[in-house]
Amino acid sequence: MSFDIAKYPTLALVDSTQELRLLPKESLPKLCDELRRYLLDSVSRSSGHFASGLGTVELTVALHYVYNTPFDRLIWDVGHQAYPHKILTGRRDKIGTIRQKGGLHPFPWRGESEYDVLSVGHSSTSISAGIGVAIAAAKEDKQRRAVCVIGDGAITAGMAFEAMNHAGDIKPDLLVVLNDNEMSISENVGALNNHLAQLLSGKLYSTLREGGKKVFSGVPPIKELLKRTEEHIKGMVVPGTLFEELGFNYIGPVDGHDVLGLVSTLKNMRDLKGPQFLHIMTKKGRGYEPAEKDPITFHAVPKFDHTSGVLPKSSGGLPSYSKIFGDWLCETAAKDSKLMAITPAMREGSGMVEFSKKFPDQYFDVAIAEQHAVTFAAGLAIGDYKPVVAIYSTFLQRAYDQVIHDVAIQKLPVLFAIDRAGIVGADGQTHQGAFDLSFLRCIPDMVVMTPSDENECRQMLHTGYHYSDGPCAVRYPRGSGTGATLEPLASLPIGKGVVKRQGEKIAILNFGTLLPEAAAVADKLNATLVDMRFVKPLDTALILQLAGEHDALVTLEENAIMGGAGSGVNEVLMAHRRAVPVLNIGLPDYFIPQGTQEEIRADLGLDAAGIEAKIHDWLA
């Protein structure tokens, strides 16, 4: 889409933050209005993360206006809210390509812009990185400032509090901005609070505060009285005691949509020494009524008509694997009150909305706390309950030690329902589920299953739920099933694959939902096709039988080749001294960028044509 200068005259003046800082302060509200409208127009045409960015327009403008970016370091947590940041930092005309193949990255990305200090996508990393940036700048005496922006969801994670605890100890010159959009701006975030924030962040108050501490440092009773008086004054209007106890100077909460007020407060805070904390209140979806009313639905959107405010409905076709999981969860919980379902802030994405409403006493959203989710599940298992941890593949990485130390070593019967395994698509490198088979396969006593369709997914969830000798994992992709008939639930024999087609010379050992592509290739090559189903334990007897009956084996998976299911097949053959050629097909040894799932699979040779071509090239 071409940029309409007449429609956005103030925004047209801002091709960089240097130009932004040349604008008169009085023009900033108009800039914010145009930026918000441009964001709405762009994302509705291209798709992307939406509501979060609408809520951070004023904050983004104020930060770049006050701080000398990119020299000063601005770090965004997660990055859903960073679209306005991209627009103001030289990427305005490319914003329509975001999350598309070859387009702008969905999150701040170091390789894309000097303004993107930290590549992000996962939650709660900003403060830790910000401390490092601040310490590095101090050691080099560069007078460079560091600012982190973190949301009210991300700040609940343990990593954020670990970082703040460290900051309180070493006291770097760092500003943490809490973007609190959990509720609309309420009465306690009004004129008094905004005035107090500017007063408490000002040089006069800061000088008196620090000077008083020095003068009375040797008089403990007076020092303590001053401390309590300050806390009392702040405590009348602010909820910052926790952050003060962690060693931060807390300011807020203030109106995050008052750009002029934010500029004044940030200017006051810019030169303060030590860890600073600014708490702003924003409205997710601000300025677009449908998104304000339903920020969860409008968090990430497909292309839609923003004049109607109606998102396109799904085609009503095949159910997603997430829905298959959610339906299985409800079906099983209706029969077994011992089932306990756990999610780290992924209720909607994991298909658990209906379950959370029907079985609220058996549902636990632990927030962005993957480590806690896994060890919490371990405790439930110790208490003779049956925990099911619903988690995205990419986020399970954050709880790897807990899977090993708190679950697997103790052989606790915890079921991991691993969604978004394999190619995820538009969210790019940080969200592809490329590694779970590799890092789970090496854990002793772990059962790892890869369904080839939605019916097999249900059967595997049932199998894992009723397995009592240790943890089980069922990994399934983002997207819809194949239309398979859903059969009555029954446990599968552990570690047994199924021959789907008998052929000659070549055997294709498929792990997961690429089975339809593998079937098309097997038909063309007259190859044997096997649905292996289990990555661990592998069907050793079947692998050895196939090796004895065929000239070559091909393994197929949507996981990293290194350490994946195919590597397991190689290990079996080497251990039994079977000298049969094996071609491992899967994800290559680099981080997979964004695109649609179909585009990425075609690029990687994981569609039927690509798989066939890889086999032909290998045999040539």
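Glycine is no exception: its Cβ is also placed from the backbone N, Cα and C atoms.
Since we're looking at a predicted model, the values are computed, not measured.
Thiamine diphosphate is bound by H80, G121, H122, S123, G153, A154, N181, Y288 in Swiss-Prot, and the record lists one more residue there from E19, E354, E370, which is E370. Neighbour counts of Cβ atoms within 10 Å were compared for the binding-site residues D152, E370, and the top value is held by E370. Local packing around the Cβ, expressed as the count of other Cβ atoms within 10 angstroms, is greatest for H80 among the binding-site residues H80, H122. Counting Cβ atoms from all protein chains shown, N181 (thiamine diphosphate binding site) has 24 others lying within 10 Å of its own Cβ.
Rounded to a whole value, the Cα-Cα separation of H80 (thiamine diphosphate binding site) and D152 (Mg(2+) binding site) is 13 Å.
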